[in-house]
C-alpha cells in the first residue's frame, strides 16, 4: 500500500456517551464512511473528517467486510477503539489504481487520540527549564527480553526541575525536542539534551502506557500525548459581537507564518475576551486555520454570526508547543473533555428510519437551520406562544423579508436560538435571546409534523438531525463592516389571550392551503431497516 498510509486514530468515550459520528455505506460509494460528525464529540476532537474511510478496526481489516459486522466490531470494542482511516481522496485514488489496501504500511504516518474518559492512557510532554542544580534526573539504558534497548529516567530528584515538570522514575524516553530517540545511544541522547541549552522538551511514557501501545502495535509519538503538564497554555476567547463588531483586526505579518490579532480596540469584545496584540490564531470554533488563506479565515469568522470562539497562543506558548511538535489544539481537546456533561444527553436511536413516501413525509427534511440578517424592517416574523405553556412558534412571516429568505414558515416550532435550546424556555426568555443576537440570528426550527414525530419517539431535536436540502435557501449576505447600519428590533409579539391563538389555529385549519409548497430534493435515505434503501448508517 505504498503511498497510501492510513492515519491511526484512537477514540475513547465516557460511559453512556457516543463516539460522535455515523458509520455509513452509501450507494455508489465504496467503503465504510465517516459521516455526520457531532461538534465537540470525541470523533471531531481527534480529527476524523467527513468522508474518511475506515480500513481497520482494532487491527482487523474491514474494507471488504459486511457493514453490520464492522458496526459490531466497533461496539464490541467498548469505550476505546483503534481505527486505521484513509482520507476520501486517497481512498478513491487507491481504489482507481487497484491498490491492495489490506497490505498494512510499515509505519503509519499519523497517530491521533482523544483520550476522553480515561479509556486509553497518554504519553506525556514534560518541559524542563534548567536550574543551577541542573535538570535533576539521570538516564540509564535497559535491554528487554527481546534484546531491545530503552532509555529510562532514573535518580529523579524530589522537588527538582524534572520532578516538578512531571517526570517519574522509570519513565521511558521517546523523544527529545520533538525528535524520536528510541534508536539513539545513551551518549547521543545526552548530547541532544546538552545541545538543547537551558531548556528541553521530553516525551515520556510510564510502564502501563508503554504496555498499552505495544499491545495495540501503535508507534508512540507526540500526536498521542497529553499537554496538561506544560507550563504555558493556549487561550480560549469567547467573543460576542458588539455594535461595532468584535473590535480587532486579523492580519498576516511579514516573515511570520500564521494569522495574527492586531489593533485591538479598548473596551471591545476582543479585549474583554482576553485577546492580546500579536496573538496567533490557531482555530475558529475548534477548527484549525493554519492551512487556510487570510480570506478563508475571515469568512469562517463571519459565518459564526454574532458569537465566535477563538483559540489563540502568544509567542512564548507558540514556541513551547512547536518545541514539543504538537498543535495547541491538543489543549482545546483536553479542555473540551473536562467540560463534557456528567450525565449523558437524551439518547436517540441508532438512526432515524425514513418513512415510506407520502404527501407530507415526516423526515429530518422538516428540520431547518435558518440563518438571517436583520434589516431596517427587522427580521420579518412574529414569535407566538401560549401563556403558561412551553413552546414558541413562528407566525406572520413577511414575504420577501429576512426570515422568509432564510426559509422560516408559519407554524415552525422554535427549537434553538443561536445554539441555545429553548423548548422549555418562556416566551420572554426566547424574546430576550433573539434581541441579544445582534444583527445576525440563527434558528433551529421544526415543522409541526417533525416536532410531534420526534417527541413521540423521545428523540432530542439537535442540529445533528438536520439534513440540509439541496434547494435550501441561502442566508442573507453578510455586509462588510463599513456598510453596517443600526437596525430596529425584530417584530416580536405575544397573543393577548389563549382564545386568540386557538382562533388563529381554527381559521387556518378551516382554510386549506391552496399554494403548493415548492418540491425539495431529498438526500439519500438514512434507513438501515430496509435492504432496498440507498444508504445504511449507524450512530457510533
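Placement of Cβ uses the backbone N, Cα and C atoms for every residue, glycine included.
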Annotated stretch (region 'Disordered', per TrEMBL) among the listed ranges 98-117, 118-137, 138-157: 98-117
Helix, strand and coil counts within the domain 'PDZ' (8-89) (DSSP): 17 helix, 27 strand, 38 coil
For the domain 'PDZ' (236-316), mean pLDDT (0 to 100): 90
